Structure formats: C-alpha cells, structure tokens
Amino acid sequence: MSTASAASSSSSSSAGEMIEAPSQVLNFEEIDYKEIEVEEVVGRGAFGVVCKAKWRAKDVAIKQIESESERKAFIVELRQLSRVNHPNIVKLYGACLNPVCLVMEYAEGGSLYNVLHGAEPLPYYTAAHAMSWCLQCSQGVAYLHSMQPKALIHRDLKPPNLLLVAGGTVLKICDFGTACDIQTHMTNNKGSAAWMAPEVFEGSNYSEKCDVFSWGIILWEVITRRKPFDEIGGPAFRIMWAVHNGTRPPLIKNLPKPIESLMTRCWSKDPSQRPSMEEIVKIMTHLMRYFPGADEPLQYPCQYSDEGQSNSATSTGSFMDITSTNTSNKSDTNMEQVPATNDTIKRLESKLLKNQAKQQSESGRLSLGASRGSSVESLPPTSEGKRMSADMSEIEARIAATTGNGQPRRRSIQDLTVTGTDPGQVSSRSSSPSVRMITTSGPTSEKPARSHPWTPDDSTDTNGSDNSIPMAYLTLDHQLQPLAPCPNSKESMAVFEQHCKMAQEYMKVQTEIALLLQRKQELVAELDQDEKDQQNTSRLVQEHKKLLDENKSLSTYYQQCKKQLEVIRSQQQKRQGTS
C-alpha cells in the first residue's frame, strides 16, 4: 500500500491550492486505475458521475470528475473523507490521480431517497427502521461535529446523500463535496432547498446547527414517507422563500410527544434553540428501546406477498394523518386534519396502552432533556404542565408491549397524535393554541397536506439578517448560476458581480411573477364570483320588475272593480228609490 499526497501530481497540485490549509497533507492510498473494472453508472454525487466497479475482488463505487469546475468539490470530499472513520460514514478506500477519481465503499441498498420515493415496487419498512435510520444519521453527524482539531459540518444532509447497506438496516452518510470545516467562513451556499436551514441561504454565517435542521426534516420524511414541501413545487427559491417566512412541514397526527418535540426543536428559526447532535443521539438512543426490529432486512412486496400481506407498496391499507399547522401568538390556530397515505408504516395491532405513572422500570420511564446540554439519564420525572421533559406515560402508548410468553411483540407507529405547537412554545401545554379538527370521510386523497407558515415569537435569526436572501440565486438552474470567477482578474470579478446582481434581479422578477400569477388566479376567482353575483342580481331585478308589473296590473284591476262596484250600488239605490 502506498501513501500519496494531494500535491504529488500536476492535477492534485492545482487542486491542492483550493484547500484552505496548504500545509495539510491528505493521506490516502493511491490506487492504480488499471486495477479498477468499471461495471455500470449508478448515478451522480456532489460532483461527477458515480459508477459501480470491481477492485481487488470487491464491489466499490468510484466518483470521477467530469470538468475542472468539479475539481474543488472533489478535493473537499477527498480531504474530508481522509479524515473520518465511522461506521455510519461511507468508507474511502483510496483515490486515483490519473484519471482523478475516488474509490469508495459501495452501498448495494442504494440511497434512502430511492427507498422512500423511488420506483415501484417500494420496500416495506417499519417505524423501527425509520427511527434507526435517523439515529444512525445523527450518530454519523455527531461524529463529524465532534472532530478535532476542526469539526466538520456536512451542509447537504438529505436522503439522496444517505446510503443503505446490509439489507437496508445500516445507514451511511456520503457526498462530502459540500462539507467544510466549522471554523471556515462560508461564502458559498450549497445544498438542497427542501432540507436547507434558513440561515444557510440567508447569508454566510451559519454553524453546525444547519445539519440539525436538515436532520429534523429527514425525521419527518421517513415517518411520513412524503417529500418535504412537495406541494409547493416550482423552482427551489419558492421553497426557500416559504422556509424563510416560517413554513415548516405539517405536524403528524398521534406522533409521540418526545419525537414531535425533538423534531420541532430542530426546525427552530433560531439555531441556538435547536438541540445539538449529541443531545439528539441521546434522545434517539433512548427512544429506540420502544422500536424493536430495526435489524431485520427490508422486505419488498414480492418477498412477503405469500405471507398474506399486501402485494403493492402503494396499498392504502394503513394511514398516517398529517395535521398542518400555522401557529401564531396573536391568534388561535386552526388546524386541518388531512389524511395522508403511508405505504410502509402499518397500524398497530391494537390500541397502544397508556403507561402507568408509577412504572419505574427501565423500559417504562423516559425523560427528555428540556435544555440542550442536559443529560437524559439525570432528568427528574415530569410534571403535568411540561412537554419538553416528558416520560413515556405522556406518549399514551406502550410501544414495546409484551405477549403472554414474555417476548416483545412487534409494533410500529399507529395513528400519531398531534398538537399545534410552536418550537418556541413546546415547554408548556397551556401555550398550545385552540384546535379545530375537520374529519374527512371516504377514500383518502393522495395529495400531500399543505404546509403553513410557522411564525415564532422572534422572526429574526441570531445573525440579525433581514428579509433579503442575498445568496439564494445559488439554487437557480445550473445554466442560470453565475460561473466562478478568476480571483486574479478584475474583469472576471466584475463580470461575476454583474451576473450575481442580474441573477438576483431575475429571482426577484420570478418571485413577483409567481405572486402576480397567484393574485391573478385570486382575481379570476373573484371575477367568476362577481359574474355569478351579477347574474343573480339581474335575475332578482327581473323578478322584482315582474312583481311590480303584476302589482300595477292588480292595482288597475282593483280600481276597475271598485268603480264597477260603485256603479252597481248606485243603480241599486235608484231602483229602490223608484220602487
């Protein structure tokens, strides 16, 4: 095995200039590309094409850059992967210098994104799998955040960058092309809008807490098996604008309170209010006691159809209700209960039993830390007025019930409860807004629940950023993004700045167009209603005119009859007088 430096060749020396610490030597095994037998292309990563290949009689994944513009991401990933060694982070075997590529661990299970939203048939997974994936992800990220001498933040946590191995039971984090040292001043914003923390696209001042925000979105996604903000659609800046204004994914009906509390804390607008990854690992480790079976391989429909289970991964036999929230301190909140199909998480076999308050066994008591640095084990029992520090009796469910022979019974998340709770207000039940439940009947709709704005007490972040999104243009389509300039050329920098301003103006115009189109639809709807009202008014006017004509005709007839009556009476009086 030979050890090479990233500055040992012409290609790597130019890349080495991009590394923040030139004195840092990247130690990795230099692999001869002739030893690699490429089999097929399996996708794209943070940079370049990802191929499945054979190397020394084992399956590997190779990432090869396609252009010089991807060299920086290549060096970033090479540098970061050469520093890490964790069971939940993809392993780097080595690198080739000609052509430039990484040789990495191959994940036969594909990405978590494909498991959740890929092509049919989709695999069946349990709540235990979902919780285990999130726990493993948090363990890997916590490792990155605790690295010395410089911690790492991933910046692009999302299901496409989470790979599965061992039958879908083991999760590994990949794609470090956007990762950076935590002490680095970040001037470029990369990542995906649906999972991106608001401070990432609002400016360059952000910390490891941006990974916590992304993790909270992933937790929601694996529980609901729905794409976050999928109902917003359109360009990425629409999602970013919604998140900037406080929109979050809808809460989940009957989600156990400790999970809901953890998830909503991760979504906090203020990064300092989010838990650390270390705290998340502690909480998730305790919660995993109530979700047995995470070590069982994923099953595809063809694997369990013979056992009397559903043959379709899109079966609507189980549901998870999502409740959309729009929390405000100034007014009560209306919450709409929207049924949402969940193809993977089955109903519990029976109602989950409420834990007894006096139960003191290890499996019966769980307290969640109300503060970021508190220890889960040392927390006192909770009071009725608290939600942030809750034992399992408040979940109103015994996740791990036992059968008659004492063996734990397989359980999964049933209908999950929900309360409209702001992450800034979850410490007290008294702060929960009023709830208006709308129950729907009939077949459930496949349309995702709408996300609603989430307005915390403090609408500004800790960095004091205003309502502008100066770096948001980085999520435009690739062909519209400003090309990286040559730092040594004033003309190149001037063109880059001009392009940035034009891209920013383009985004503003696109936003205005979207808002105007929305307003147009509202006006069209109002016009239709006005036309209907006008038609009704016209009909009423005609009826009124007709009634007036009838009234006039009747009045005339009445006068005629009255005159005839007077004539008849006068004639009768004359006859009586003559007689």
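Here the Cβ of each residue, glycine as well, is placed from N, Cα and C on the backbone.
Cβ-based neighbour count (10 Å, all protein chains) for D156 (active site, proton acceptor) stands at 24. The annotation active site, proton acceptor is assigned in Swiss-Prot to D156.
Per Swiss-Prot, compositional bias 'Low complexity' is recorded for 323-334 (among others).
Under the heading compositional bias 'Low complexity', Swiss-Prot lists 361-375 (among others).
Annotated compositional bias 'Low complexity' per Swiss-Prot: 426-436 (among others), in sequence order.
Residues or ranges marked as phosphothreonine in Swiss-Prot: T184 (among others).
Here Swiss-Prot flags T187 (among others) as phosphothreonine, drawing on similarity to another entry.
Positions annotated as phosphoserine by Swiss-Prot: S192 (among others). A coil conformation is recorded for S192 (phosphoserine) in the three-state DSSP classification, outside any helix or strand.
Annotated phosphoserine per Swiss-Prot: S367 (among others), in sequence order.
The phosphoserine annotation in Swiss-Prot covers S389 (among others).
What Swiss-Prot records for S412 (among others) is phosphoserine.
Marked as phosphoserine by Swiss-Prot: S428 (among others).
Annotated region 'Interaction with MAPK8IP1' per Swiss-Prot: 1-300, in sequence order.
Residues or ranges marked as region 'Disordered' by Swiss-Prot: 301-339 (among others).
According to Swiss-Prot, the feature region 'Disordered' maps to 354-391 (among others).
The region 'Disordered' annotation in Swiss-Prot covers 416-466 (among others).
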Roughly how many Å separate the Cα of D156 (active site, proton acceptor) from that of S192 (phosphoserine), to the nearest whole number?
-> 7
S192 (phosphoserine) has how many other Cβ neighbours within 10 Å of its own Cβ?
-> 19
